[in-house]
Amino acid sequence: MSLHLFCLFNTLFFFKRCPIFMEPQNLTGVSEFFLMGLSDDLELQPLLFGLFLSMYLVSVLGNLLIILAVSSDPHLYTPMYFFLSNLSLADIGFSTTTIPKMLLNIQTHSRSITHADCLTQVSFFFLFGCLDNLLLAVMAYDRFVAICHPLHYPVIMNPCLCGFLVLVSFFSSLLDSQIHCLMVSQLTFCTSVEIHHFFCDAPQLLHLACSDTSINTILMYFMGAIFGGVPLSGILCSYTRIVSSILRVPSTGGKCKAFSTCGSHLSVVCLFYGTGLGVYLSSSVSPSPRKGAVASVMYTVVTPMLNPFIYSLRNKDIKRALWRIISRTD
């Protein structure tokens, strides 16, 4: 499932465990929250710090190399690589939203995060998560046009349309993030402000709220249907048409060549939605929020780290561009 669909199901899971209406006592103006992280074991903290620092550096370096390769090689000035560079930029933002704060908390032995920083984290988490989602849908459309309408591809996927699609994706994600940020900022919290996660997770914030969150839940379902369901439907529709078109190709070699042009994107789509689905299923099976947080590492950390490897290992053009960059530095 996508970011939005996971948040919706996660919210529903929390509300099965606690009533929507809570007693109004113990209301307080909360100035900070406490991120409980992945483990309370002090001996594990250095290991977690080293592991997540390594994963973060690999993720940022890998995605920066993709951006550098695309921007430095004129042969990669095509719609597919233009969208890929924007996806890499979104992945860097997605990882940077959560991991540095967790590393800082481990290093300083502090679990606190201010109310303002928590809202900022929620905002950027949805901004880059939604942008990832929308860009994958745009890239699926690009592959659909390239395979199903190859003769009209340069005309349809012109630079103006490509820029327009990226801008629409960004401003749609910005709208989504600001709505979620506004929704969370209106909540009233109880004295218990422990978030059993390594970042400010919107469903858990709704769970901690003492005010009525029924409208927030409805709004989250509505936003999820638009910004989560519509892009996923677009991806499924595009690949349905792509598979149908490829199966009509008479030669085996032609089929393999057509499949190879969308293999990397399809792998990233499966990884993106598959890890989100895995997080939801693990949260549903296990009653422990901490175990759900551990499972979400796959979605928020591992996926952005693996995307550059998928595109570089399966794409000869990217590998050539990267080797040119390496040879220049020697």
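Any Cβ shown, glycine's included, is placed from N, Cα and C.
Lifted from TrEMBL, the feature list:
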- 46-68: transmembrane segment (TRANSMEM)
- 62-311: domain 'G-protein coupled receptors family 1 profile' (DOMAIN)
- 80-99: transmembrane segment (TRANSMEM)
- 119-141: transmembrane segment (TRANSMEM)
- 153-175: transmembrane segment (TRANSMEM)
- 218-237: transmembrane segment (TRANSMEM)
- 258-281: transmembrane segment (TRANSMEM)
- 293-313: transmembrane segment (TRANSMEM)
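Pairs of Cβ atoms less than 8 Å apart link the transmembrane segment (218-237) most often to 119-141, out of 80-99, 119-141, 153-175.
Residues 52, 55-56, 59-60, 63-64, 66-67, 70-71, 121, 124-125, 127-129, 131-132, 135-136, 138-139, 142-143, 146, 162, 165-166, 198-199, 268, 300-301, 303-305, 307-308, 311, 317-318 of the same chain, all 6+ positions outside the transmembrane segment (80-99), place their C-beta atoms under 8 angstroms from a C-beta of that stretch. When pLDDT values are averaged over the domain 'G-protein coupled receptors family 1 profile' (62-311), the model yields 87.
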